[in-house]
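Enquirer: Have a look at this one before I ask anything.
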Amino acid sequence: MNVSLLASPQFYSRTLYVVGCISIPIHIFAGYCILFQTPISMKSVKWNLLNLYFWSTFMDIFLNIITQPFLTPPSISGFLMGLIHYTGLDTGIVLYFGITMMAFVGVSIVSIFENRYFILCGQNTWWRRVRYPFLIVNYLLASVHYIPTLIEIPDQIAGRKGMFTMYPKARVFDNPENPIYVISYEKNDWYAIREASIILMFTAEVTGFVIPVQIYMRRAVKKFNLSEHSISIQKTFLRALHLQIAIPALIMLLPHVATAILGIFVSTSQVTMNISYIVISMHGVFANLTMMYVHKPYREYCKSRVCFSSRVDRFVSSTGLFSTHTAQFFSLTLYTIGFFSFPIHLFGGFCILFQTPESMKSVKWSMFNLHFWSSCLDLTVSLLTQPYLLKSTWSGIPYGILIKFGVPLSLQMVAVSIITIFENRYFLIFAEHTWWRHARYPFLAINYILGLLYYLPTVLSVPEQSSAREIIFKEFPEFRALDTPSNPVYVLVLNNPWVSVRQIAMEATVVIETLIIVLLLKMKMKNVVKEMKMSESTAKLQKAFLKALYIQVSLPLLVILIPSAISVFSGILGISTQSVNNLVYITFSCHGLVSTIVMLTIQMPYREFCMGMVGKSDRRQRKVTVSNISARSSTQVTTF
């Protein structure tokens, strides 16, 4: 393909993936702010803000990651390069949902300004009876306005032939695996008229609500219908709302206008089209960033997440702890790791669900089970809880989003899921026709029950918090500065060595069970090769898969076990420091990220898929590494 870098599909796709992965954590944080940080004074507009947020965010992710529509001007045609390409869904239906989603963003903008109009001007007028039918009609028009275009889409073989005749340069982008999808290759004024009409309709509706509100505000000041304070609050909120809508709207409209003008007077190049859609794909992230900046409650919350409270600042200043043992360092590092790892977790889950070949279906759900709990553990530690444990004590302060402890349960689910993978391999290869097929489910059930219950004695023995905190503060008076009424120090245990014993016992159980199953696998592999119950090629493939599995599990497992062991034994020996505690949990929070990256690297199907996405191919031998194998006593087992 002899095209410039900016015009190439590879540049377009990779840029959108980068933008999408960076924006996902911002979208999640913005949604959290709307749901949990919207004050009572903004409750009348909360769900309208959430509606706009939902459609803007969904449109961003739809463009950046799911579809990545690569348009080939000057005809209305192109192809999808995102993850949905691998699902085989009809391109026309996908386009319908994409265009409809953009229209829903427009309706959600209208609904916000309609809400302001209703609250300030229309509660006691005829509008209170008309508003819901009005919004329903808007959503219906947004849903059906693209259907005529969908009906007019030509037969694709004839459409591509006609397009390549008129625009032969477009042929360079066509390929059998992902052919160009032609919506219209001839001049179609009605398509442009329909799209322009829906945009003008939404613009007129927004204007129709904004102008009466502005007039009402001026009259209210003159007639003293509202106090100066109320007027000031309403003006500030409306100004923030206008900025929140205007900035993302310009990001959407300006590329469209520029592309249309170039198409009329010059010609729309592939570079222009690519850059336009890359800019448009940033609409949602700019909308969320603008919202969090212009609305004071969200802005103040963001500042508090970065700077913490004044009490924490005083604690840092008084003790000189501006390094690895400070709460600021701990929380900011975990937020950074969490936001960076979240898109990688999503991508890892997608690979397991949609890129696992048929030959690996026997282990697919066990791998997804491990990935799910590993990701949950990561997000629990890095984003949701952030347990800032105080040195030499079983106490701490959660700084995460949920402000709750919950790590031990997630940790044990990860451990049990690791056992499940190795047990799955042992069962499929060697034990399908032995007594183990009757014992395996009770074995796994017992493991999950132990994982759920092992922490229960600790929870039941949690001391009364007021007196326990006083004991901790008496021994470590510097911790009192961190205690606040809204987020007090939580004391889990006072002088109870059994907590450490139970932790060590559970970790030892997991390690011993895993080692036993792994050793049985190795012994059985040697025996079946010697007894010719499995061909050498089959045995080689199974060994390769097991080797990859050992690496996939052992590296992340070390990321969990080593910090846990350091934390437990340093506490027992009385040499624990705040820096050690912080670094232990920061390392701990990287477990799922390491697990996902290792899985994507060492498992060949996922590695091939990742390299294909960046335009490269793995030159190693392309053989499938695993299959559904059952060792039977008298039959030689083969794969494929």
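Residue positions begin at 1 at the first shown residue.
Using N, Cα and C of the backbone, Cβ positions are placed for all residues, glycine too.
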Enquirer: Any idea which of 47-71, 197-221 is down as transmembrane segment in TrEMBL?
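Expert: Checked against TrEMBL: transmembrane segment maps to 47-71.
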Enquirer: Apart from its near flanks, which chain residues at least 6 from the ends of the transmembrane segment (47-71) lie with a Cβ under 8 angstroms of it?
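Expert: Sequence-remote neighbours of the transmembrane segment (47-71) are 9, 12-13, 16-17, 19-21, 23-24, 27, 30-31, 34-35, 38, 77-84, 94-95, 97-98, 101-102, 104-105, 108-109, 111-112, 115, 173, 248, 273-274, 277, 280-285, 287-288, 291.
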Enquirer: Grab the same-chain neighbours of the transmembrane segment (583-602) for me: Cβ-Cβ under 8 Å, and only residues 6 or more beyond its ends, written as numbers and ranges.
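Expert: That would be 324, 330, 333-334, 337-338, 340-341, 344-345, 347-348, 351-352, 367, 370-371, 374-379, 381-382, 387, 389, 414, 548, 551-553, 555-556, 559-560, 562-564, 566-567, 610.
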Enquirer: List, by number or range, the same-chain residues at least 6 past the transmembrane segment (91-113) whose CB is under 8 A from its CB atoms?
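Expert: That would be 45, 48-49, 51-52, 54-56, 58-59, 62-63, 67, 69, 79-80, 84, 135, 138-139, 141-143, 145-147, 150, 153, 181, 183, 198-199, 202, 205-206, 209-210, 213, 241, 245, 249.
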